Amino acid sequence: MTTIMEGKKVAAYLSGEIADALAESHKHGINPKVAFVRIGELTDAISYENAAVKRLEKLGIETEQYHFAGDVSAKAFLTKFREINEDYSVNGILLLQPVPKHIDMKRVVELMNPIKDIDGMTPVNMGKVLTGEPDRLEPCTPAAVMEILKFYDIDLKGRNVTVVGASAVVGKPLTLSLINREATVTTCNLYTDDLVDKCRNADVIISAAGARNLIGDAHVKAGAVVIDVGINFTEEGRMVGDVDYEAVKDKTSYITPVPGGVGAITTTVLAYHLMMATDFQKEPVLFLED
Ligand code: NAD
């Protein structure tokens, strides 16, 4: 029998943990706050920001939005960004991507205080994902996948996991987290030869490629766990993932739907990371030198 892994159930569980941590913070007079930083008016960035602000506010978390014109000078932006970074009332920063080409993204990310980096973008947090440090802040999407696997009690030790997609924000950090859980991981990309061969023996397939119907019947063995991170749209504008859901659903043991799977958890994970960040900041806050 197939279990549909419902993002809203995982989000509800995490929301309970967030509520407890938030109440504890308030008891100590701390009101955790996220600063959203966006340059320009790109639709995807705006919709993600709006969804995240709505989710955080529903959880009772304060937000502040900093919007810059697409042609803001690098100097003016960096001056303000430093101010936000050093503001003691800001516990978490989310820099919306992409940023315009004239802004040196690498420099901005390196400037960000790692203990405010609630979407795991800084080299310090990337390094901590590599070593599996407990005080790491991971990128939210791979963290959401790991939360689903944990919630549904999927054993990873010694299991064969195929990750399809190797980007710095999803596939690569996810691969490291899975290795840290002692899985045997195969990570594929656009140039991987014979994707069916890399998937058909996998106990767990996680697809984060952004290619509709990439994973079909031939890729999935009976009883496999299938997690679909992909977001694609049909000609009619319907949101679908990378997996041919109807073709594989009945042969899987667990599967995430799209929508309603991974995407339904990421903004709650962002809030969860804020609570972790706020906790780390109980220690004296260190600022990286420019
Ligand atoms: P990306 O374009 O940066 O990386 C895609 C990766 O997939 C690359 O490594 C590429 O080589 C690989 N790939 C692409 N086509 C492939 C193919 N046909 N076969 C094998 N590998 C292939 O994308 P990303 O930012 O990592 O996002 C991946 C997908 O996840 C997108 O659909 C994106 O919209 C989605 N996404 C979803 C969430 C969520 O909350 N559900 C969050 C972030 C990204």
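Backbone N, Cα and C define each Cβ position, glycine as well.
Annotation note: G165 (NADP(+) binding site) sits in a coil segment as assigned by DSSP. Residues or ranges marked as NADP(+) binding site in TrEMBL: G165, A166, S167, I231.
The annotation domain 'Tetrahydrofolate dehydrogenase/cyclohydrolase catalytic' is assigned in TrEMBL to 5-119. Broken down with DSSP, the domain 'Tetrahydrofolate dehydrogenase/cyclohydrolase catalytic' (5-119) shows 60 helix, 19 strand, 36 coil.
Here TrEMBL flags 139-278 as domain 'Tetrahydrofolate dehydrogenase/cyclohydrolase NAD(P)-binding'.
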Would you report the average pLDDT that the model assigns to the domain 'Tetrahydrofolate dehydrogenase/cyclohydrolase catalytic' (5-119)? 97
Looking only at the domain 'Tetrahydrofolate dehydrogenase/cyclohydrolase NAD(P)-binding' (139-278), what are its DSSP counts of helix, strand and coil residues? 53 helix, 26 strand, 61 coil
By a simple count, how many Cβ atoms lie within 10 Å of the Cβ of G165 (NADP(+) binding site), its own Cβ left out? 24
